[in-house]
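Listed in TrEMBL for this protein:
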- GLU238: active site, charge relay system (ACT_SITE)
- ASP242: active site, charge relay system (ACT_SITE)
- SER455: active site, charge relay system (ACT_SITE)
- ASP498, VAL499, GLY526, ASP528: Ca(2+) binding site (BINDING)
- 168-548: domain 'Peptidase S53' (DOMAIN)
- 584-608: transmembrane segment (TRANSMEM)
Amino acid sequence: MRLDRIAGCVVAAAQARQGPWTQRAPGESNVTWWIGLEASRPQALAEAFANITTPTHAQFMRYLDKDAADKLTRPDSSALPTLTQWLASASFNWTYSPASNVLIVKSTVAQLQQLVGIKLDATSKLSLPIPPALKTYIQFIRAALPVSPRDAPSNPQPALRRLTTSTSISPATLRALYGIPDNLVVRDARATQSIAIFYEASYSDADLEVFHREMHSLASFRPVAARGTNDPKHPHGEPSLDLQYMTGVALNATTTAWSVPGRNPFSALDEPFVAWAADVLAQAAPPLVHSLSYADDEAHLAATAPAYLATMDRLLMKMAVRGLTVVVASGDDGVMGLRHRQSNVSLADACARSGPQWPSSSPYVTSVGATQLDSGDEVVCSAARDGRITSGGGFSAVYDRPAYQRVAVAAYVTALRLPSAFANVSGRAYPDVAAVGSRYRVRVNGRWRSISGTSASAPVVAAMATLWNDARLRAGKRPVGFLNPLLYQFQTLGAFFDVTVGDNRAGKRQDGEVPKCADGFAAAAGWDAASGLGAPRFDVLAALFLHAEDVVRGAFVVPEVVQVPAARAAVLAVSAPVAHGKSALVGAGIFLGTLVAAVAMAVGAMRLGVFLARRWRSAYELVPPIDLL
């Protein structure tokens, strides 16, 4: 990540590119710009994060409340009065977010043009006339100028497939695969959870009710709480999928659909990740577990908005010190990431180096990849196996490898035989875990659909975290918080079903074609860059998380477990062998009694669907925000 230091002030280095969306910004248009403030104690948050998330530290799991967490990043006592006085003198409106430590300034383009003395377009590079005394308080200043909607590339809509006579993944299937007891429901009201919804996507309460009526008893269904706007008459696949399976696995949990406005598809700083995280952190008692099914190209953000990444890093660390869990889908485009979707990037160029996706590549989240059921096994989900999508995974080019995963990743990296320029194998490795992500049965706008993607597996793992929280809270213990340090510590304790078949060389199926790279990351014994630590054994992890403090001290004896539980074996047994490059499941609608009961199925076959609602943006075609210093 490249940062430029100018006059003692770190500012983001944007790359101005001409393109078909560049035009003069109308003077009456509104413009938002961000002033990131320097914390009075720059290392305080990082130190608190390290202490609270390190299992062997005395402060492990001793979470902070909102005020204590905000104090870690607050600016110098004179910063806000001085900066706001300067803004008032220029007649700008502003608000301050203690959670993000950012001043959000509202003005018109004409006001900003008067301040800088030039006409502005979306590729302008500016220098604000800021008094030198103020620069000591500022970390970055960025702005995104408005561009006509007709000139902006649209967000691709997810592709949903209608269910025909079908075999599909249901909550009952997931419980059998991963050892979640059929009668397990959330009983502690504090075990809360949430999904993030971006770009004005919506869900239908009626769809959710029908889903639960068919999948479970309605007695265990708790209505979803909406934060932000929702249009139930026009539901979308992403929030429908996330809500139905998060609530379907963590039954009876209080669940919030956290909708964040904003549709600008070409400005890094207008992306809603930071707005979402800041809004969550502004609450005194936010949901404990959060699932994110959106992604962006890490390289693009690092090149155009490094200060944006740094701001989100602080917010994610702050979420961790407050005891929140953030689970992120690893992406559906395999090793090449989002670059192959850019119109002027050839497959050869897209395959020349790996394409990490963010925020899944962040060391402050739990990244979840996707698997599929194939030939009696759970394997890496790949479009080359008729999986429609290919699970994302690899190594960050921005973040160093965190301490919690160094031991687990070392053996895999040593065995890699890839060109040195293909990936930064010393970077943060992802995904952390994986779960089945294909053939989900989802109710969307009154119809049953088949949906696949890491956006299916992420909310399932997030729901598991809610169940682990429920057990700990009922035992008088603190929530699990940031999962990764314990997940990697539990690796050798039989906590995962190892995924050893498959790779992520393929991309996502488009127009019937599957792009494929010569190089990529294959599954292997232990951690790998295609499936992480493997698929979670819920029952084992539930015991380990419940007794985490004792496990860390070596005072907890892990109970012996069956290598392949009967219910899991029954589900895997119905996956048919690969034929002509395709895999299939035989049977329809797997219904389970108990974990040791036989699996009853009706015969059928399902066309595999595909879906990961994501934000994508071309580093070559899309206009970055402009620097104001």
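Heads up, the Cβ atoms here are built off N, Cα and C, so glycines get one too.
Since this is a predicted model, take the numbers as computed values, not measurements.
Annotated features taken from TrEMBL, shown on the structure.
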residue: ASP242; record: active site, charge relay system; Cβ contacts under 8 Å, 6 or more apart: ILE195, SER291, SER293, SER455, ALA458, PRO459
residue: ASP498; record: Ca(2+) binding site; Cβ contacts under 8 Å, 6 or more apart: ALA525, GLY526, GLY534
residue: VAL499; record: Ca(2+) binding site; Cβ contacts under 8 Å, 6 or more apart: THR371, GLU378, VAL379, VAL380, ALA434, ALA523, ASP528, ALA530, SER531, GLY534, ALA535
Legend entry - Non-site residues, in chain order, whose CB comes within 8 A of the mean position of the CB atoms of ASP498, VAL499, GLY526, ASP528 at Ca(2+): PHE496, THR500, ALA523, ALA524, ALA525, TRP527, SER531, GLY532, LEU533, GLY534
Inset, instruction - Output the one of SER455, ASP528 that, of all these recorded positions, has the highest number of other Cβ atoms within 10 Å of its Cβ. - result: SER455
Inset, instruction - Pop the mean pLDDT for the domain 'Peptidase S53' (168-548) in here, whole number is fine. - result: 93
Inset, instruction - Using the structure shown, find which entry in GLU238, GLY526 (the recorded positions) has the sparsest Cβ neighbourhood within 10 Å. - result: GLY526
Inset, instruction - Check ASP528 (Ca(2+) binding site) against DSSP and tell me helix, strand or coil, would you? - result: strand
